[in-house]
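Working notes, structure below.
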Amino acid sequence: TMPSIFSYQSAEVDWCESNFVRSAVIAEYYNTDGTSLFSLLLLTPLNLLVLEEPPRAGGRTELCHLKVSLLLAGLFSVYFHMTLSYVGQLLDELSILWTLAVAYSFWYPQCYFPKCIKTRRHFFWLTGTTTVISTLMSFVKPTLNAYALNCIAFHLLYLTWRELKKCNDKRVHRMAAVMVMWWALAITSWISDRWLCWLWQAINFPYFHSFWHVLIAMSLLYCCPLVIYFDVSYEMPSFKPKLEYWPSDSWPVVVPYITLEEPHKQC
């Protein structure tokens, strides 16, 4: 009989970490408790704190949507690695897809819109239609979903490069470089866990997917304020965005955030 889609280990994907070694109810202990919860309970709230851009005319409900999407993605990741269920796998992957859709819909610069798209409203429809089609296609071959989602990062890196060419702020370039460094370490860990599992199991160290969770969360910690910086430059030209670091510039690992400087009014 076909196993229930909610059953433990019914997913088409199983990561390198051995299952049910440290717990009888948690399939992948380190991917669930060790790092997913670390990313969810520590780094995600920090991301939510830096996502506090002053409201534009008409409100900033998009920030609410993104915060909810980030929290759901973290929760679904925990559920997936705890159960390795088919439903958990799809919830984990589709929550990431829809989080990206929210980010693209609200923050994709209008200057990069396809020529056939004239307004942000039309772009919403394009993004929504593409996301719905991608969601339906994700059921066809779920094992390919993670690879497809990771490929979107290359488009985001390309957009970052395009924006950095217009920006002379060295602090912004530094933050982008740190973001790319964390992303490169993250994707290296992800690929290592997927393709070199035989090696890590041979040396009894199959934990690189757990590193992925922490490293990609660190990359997002720098990515979010970077997106806000460029968004303010486009949408709020009367303000000058300024990059700050908490708690101090001298710390090796910091939380970046954006402040706005309003230009002095001239009489």
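For all residues, glycine too, the Cβ spot is worked out from N, Cα and C.
TrEMBL entries are annotated by machine, without manual review.
Copied over from TrEMBL, here are the features:
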type	residues	note
BINDING	Asp14, Trp15, Glu17, Asn19, Glu28	Ca(2+) binding site
BINDING	His81, His209, His213	Zn(2+) binding site
TRANSMEM	63-82	transmembrane segment
TRANSMEM	94-111	transmembrane segment
TRANSMEM	123-140	transmembrane segment
TRANSMEM	146-161	transmembrane segment
TRANSMEM	173-191	transmembrane segment
TRANSMEM	211-232	transmembrane segment
Stretch with greatest number of CB pairs under 8 Å, the transmembrane segment (211-232) reference, 63-82, 123-140, 146-161, 173-191 candidates: 173-191
Maximum Cβ pairs under 8 Å to the transmembrane segment (173-191) - stretch from the list 63-82, 123-140, 146-161: 146-161
C-alpha spacing of Glu28 (Ca(2+) binding site) relative to His209 (Zn(2+) binding site), in angstrom: 10
Remote residues contacting the transmembrane segment (94-111) - C-beta distance under 8 A, at least 6 residues beyond either end: 62, 65-66, 69-70, 72-73, 76-77, 120, 123-124, 127-128, 130-131, 134-135, 138, 149, 152, 159, 163, 227, 230-231, 234
Between His213 (Zn(2+) binding site) and Glu28 (Ca(2+) binding site): CA-CA distance (Å): 13
Cα-to-Cα gap, Asn19 (Ca(2+) binding site) vs His213 (Zn(2+) binding site), nearest whole Å: 18
Cα distance (Å, whole number) from His213 (Zn(2+) binding site) to Asp14 (Ca(2+) binding site): 15
Inter-residue Cα distance where the pair is His213 (Zn(2+) binding site) and Glu17 (Ca(2+) binding site), in Å: 14
Distance, Trp15 (Ca(2+) binding site) to His213 (Zn(2+) binding site) (CA atoms, angstrom): 13
